[in-house]
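Following: one structure in structure tokens, then a few remarks.
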Amino acid sequence: QICNQHNAEAPNLEQTFHRMAQTEPNLDHDVSWFLLPPYWAKAIVALISFLCFANSYDGDFVFDDSEAIINNKDLRAETPLGDLWHHDFWGSKLSSNTSHKSYRPLTVLTFRINYLFAGGFYPAGFHVINIILHCTISVLMVDVFSILLGGLQFSNKGRRLNLAPKTSLLAALLFAAHPVHTECVAGIVGRADLLCALFFLLSFLGYCKAFRENKEGHNFSIFWVLVSVILGAIAMLCKEQGITVLGLNAVFDALVINKLNVLELIQKLLHKDKSLENAGLLRKGLLFRITLLMSGGASILYIRWRIMGTGPPAFTEVDNPASFADSLFVRAINYNYYYSLNAWLLLCPWWLCFDWSMGCIPLIKSVSDWRIIALAALWFCLIGLICQALCSEDSHKRRILTLGLGFLIIPFLPASNLFFRVGFVIAERVIYLPSIGYCILFTYGFSLLSKQAKKKKILAVAVLGILLINVMRCALRSSQWRSEEQLFRSALSVCPLNAKVHYNVGKNLADKGNQSAAIKYYREAVRLNPKYVHAMNNLGNILKERNELQEAEQLLSLAVQIQPDFAAAWMNLGIVQNSLRRFEEAEQSYWTAIKHRKKYPDCYYNLGRLYADLNRHIDALNAWRNATVLKPEHSLAWNNMIILLDNTGNLAQAEAVGREALELIPNDHSLMFSLANVLGKSQKYKESEALFLKAIKANPNAASYHGNLAVLYHRWGNLDLAKKHYEVSLKLDPMAPGTKENYNLLRRKLEQLQKKGG
């Protein structure tokens, strides 16, 4: 038998291990599948999980990675480590009204370690860690599935036995190669789900260890129960779903350790039977352990709630339209439709999308909508499985089906909208853990079919074919996650009604300089969602740059009308109004932007430009000074201050500002150039020359740098060098203003000198 093959050290099974459940049918008995030694099985699972996602290792930062990593100040060394415990996943203060309230400090800590070891934002290191985490989790799944499918039994030496090596290997391979996991592995922010899953599984395995020394099922280790609670807390500090492991541990304890018959217990409760103790509720310390789990879970949730603040996160209707529906019926029916789509992604993970919001899934508003069929199918299957899990006379079937449903449903509850509103419609990342339940049910179904099938090998080949298709789908999907262009374009065929998909394609094109194509996608995003203010803002920006100011103003005005606190749109509206020479309106728009975003250096910079155009020099300098206080590396604001002071004859003050700026941004060649001009006018020729040469070294193709250095030499009397740099400047830019005239003056002067010398 299989058990003998995997326990060669003791041939007598009865003497080798104590049973914690009655003898049950072995799932592996009728399954035609690979029987491998434990280490080989784990090696195969690790290899398959690596092959599925290996091609994502050199991908870029994509989608949410920008906000969670690149723009997250909590990753920088200068940010105190203590701030991680008071900020959300995106680096915002938890107390802020705009906070997402996603409290994942341990995940952010791993990002910070990645950043420090890599010496910057190099995505390869981040991707490699994600791949390693998924491989590790997949290997752990072999042990987890062996317990869930084969039961929890130990040798007399305390070694856990794998009584279902074939089916646990199959289930682990299904998990390792499931395409729906691509977002978690290939998307760097998916690390939250990976770390959560890792500690989730360790908590479960730790809970199982509590019964290692248990010979009759009456003794257990409180230490390992507490370790399990602590690991559950760590899982929750990686992502919120982690806390659900404590509920699953309780279900496992009741079903596997205590062999609780749920239906029998319900019947006794309904009939107020006094023999509840015989039903297993109070035996073997179950009540005590569940009390420990519940107390630990309640304490963890209370502490997290206190840290997070009393208010829930604020989401918009476009994030989760069903949750904003007035009708309870509409909300309920759409939530259930979302559940059916999540189930379909587990069954057939072919249509995958990075974002399912913004009209991707239109609301069901009537029972005549054909999509009601999906709800009926989901609940038909669920009710059938629940009936079998409760009513089957086969205790083995009851246990596996209940555990499968438990792992499918319980980790999904935080994303179900039942307890609080979530900020998405469907998110592939949140079914990373629930897919464990899917793999249990799939594998159990395969074992039942194998038992009935006459040609078991054909069935095994079919399952192997599904695995191979999944591996190829994983590789294809992870390649799409390597760049934003591929990721966003892949979504166009899956969610053509999703305004955010069109917006992201447009943004990606705009970032690459393809404004004409970007306009097309931005317009489609606004058409699909007429209240999409971010698309209006970006489209208005492009139209402003193309000097289509009237339409730009209309779009930006509409954006701030829809969202009055949209600071970026107010600033861009101010820029357009400034270009239209409506200065008072522009000034008002800038101040409105600053009112809604107090620390807005770019807005102060643009306000300074407006004041400079109006010859309000003191106001301009103050505005630019505010910009540099808020953002010390704001090169444009520093430069404008130097130039304005230079132009108004305040050379000493211009020099002081220039030196201050270069201390903060020592490698900025434009600042070197501006300060060099000031020093030249102050007749500090040697220092001016040094700065000009340094600026030219940093940017050798700037015609103005060579032209102004030539002017310096010209004034200084160094005519040969002046001639040389005039010629370089004219070669780089034959139309450079003033350079040709200065060069001609120099040539005439040189000719006169030659005549005198002759």
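Note: Cβ is positioned from N, Cα and C throughout, glycine not excepted.
Taken from TrEMBL, the feature transmembrane segment covers 39-57 (among others).
Within the same chain, residues 20-21, 24, 26-28, 38, 41-42, 45-46, 48-50, 53-54, 56-57, 110, 114, 160-165, 167-169, 171-172, 175-176, 181, 184-186, 188, 190-191, 194-195, 197-198, 201-202, 204-205, 208, 256, 399-400, 403-404, 407, 436, 439-440, 443-444 sit at least 6 positions outside the transmembrane segment (128-151) and bring their C-beta atoms closer than 8 Å to a C-beta of that stretch. The transmembrane segment annotation in TrEMBL covers 128-151 (among others).
Residues or ranges marked as transmembrane segment by TrEMBL: 163-182 (among others).
What TrEMBL records for 188-208 (among others) is transmembrane segment.
The transmembrane segment annotation in TrEMBL covers 220-237 (among others).
Taken from TrEMBL, the feature transmembrane segment applies to 286-305 (among others).
Residues belonging to the domain 'DUF1736' (311-383) score a mean pLDDT of 89 in the model. Residues annotated as domain 'DUF1736' in TrEMBL: 311-383.
When Cβ-Cβ distances below 8 Å are used as the criterion, the transmembrane segment (372-391) is approached by residues 262-263, 333, 336-337, 339-341, 343-344, 364, 397-398, 401-402, 404-405, 441 of the same chain, each at least six residues removed from its ends. The feature transmembrane segment is assigned by TrEMBL to 372-391 (among others).
According to TrEMBL, the transmembrane segment annotation covers 403-424 (among others). Long-range neighbours of the transmembrane segment (403-424) within the same chain, counting only residues 6 or more positions beyond its ends whose Cβ lies under 8 Å from a Cβ of the stretch, are 100, 148, 200, 240-241, 243-245, 247-248, 251-252, 255-256, 312-313, 315, 319-320, 322-323, 331, 335, 338-339, 342, 356-357, 382, 385-386, 389, 430-431, 433-434, 436-438, 440-441, 444.
Feature annotation from TrEMBL assigns transmembrane segment to 430-449 (among others).
Under the heading transmembrane segment, TrEMBL lists 458-476 (among others).
Non-local neighbours of the repeat 'TPR' (499-532) in the same chain are 63, 318, 353, 355, 357-360, 484-485, 488-489, 491-492, 538-539, 542-543, 545-546, 555, 562; each lies 6+ residues outside the stretch with a CB under 8 Å from one of its CB atoms. The feature repeat 'TPR' is assigned by TrEMBL to 499-532 (among others).
Among the features that TrEMBL reports, repeat 'TPR' is placed at 533-566 (among others). Within its own chain, the repeat 'TPR' (533-566) has Cβ neighbours under 8 Å at 499, 502-503, 506-507, 510, 515, 518-519, 522-523, 525-526, 572-573, 575-577, 579-580, 592, 596, counting only residues six or more beyond its boundaries.
Applying DSSP to the repeat 'TPR' (601-634) sorts its residues as follows: 27 helix, 0 strand, 7 coil. Taken from TrEMBL, the feature repeat 'TPR' covers 601-634 (among others).
Note on the repeat 'TPR' (703-736): DSSP counts are 28 helix, 0 strand, 6 coil. As annotated by TrEMBL, repeat 'TPR' applies to 703-736 (among others).
For the domain 'DUF1736' (311-383), the DSSP-based tally of helix, strand and coil residues reads 36 helix, 0 strand, 37 coil.
The stretch in 163-182, 188-208, 430-449, 458-476 that contributes the largest number of Cβ pairs under 8 Å to the transmembrane segment (39-57) is 163-182. Ranked by Cβ pairs under 8 Å to the transmembrane segment (163-182), the stretches 188-208, 286-305, 430-449, 458-476 are led by 430-449.
Counting only same-chain residues 6+ beyond the ends of the transmembrane segment (286-305), those with a CB under 8 A from a CB of the stretch are 103, 210, 220, 222, 225-226, 228-229, 232-233, 236, 243, 246-247, 249-250, 253-254, 257-258, 260, 280. Tertiary neighbourhood of the transmembrane segment (430-449): same-chain residues 27-28, 30-31, 141, 144-145, 148-149, 167, 170-172, 174-175, 178, 180-181, 184, 190, 193-194, 196-197, 200, 241, 244, 342, 345-347, 385, 400-401, 403-409, 411-412, 414-415, 459, 463, selected by CB-CB distance under 8 Å and a gap of 6+ residues from either end.
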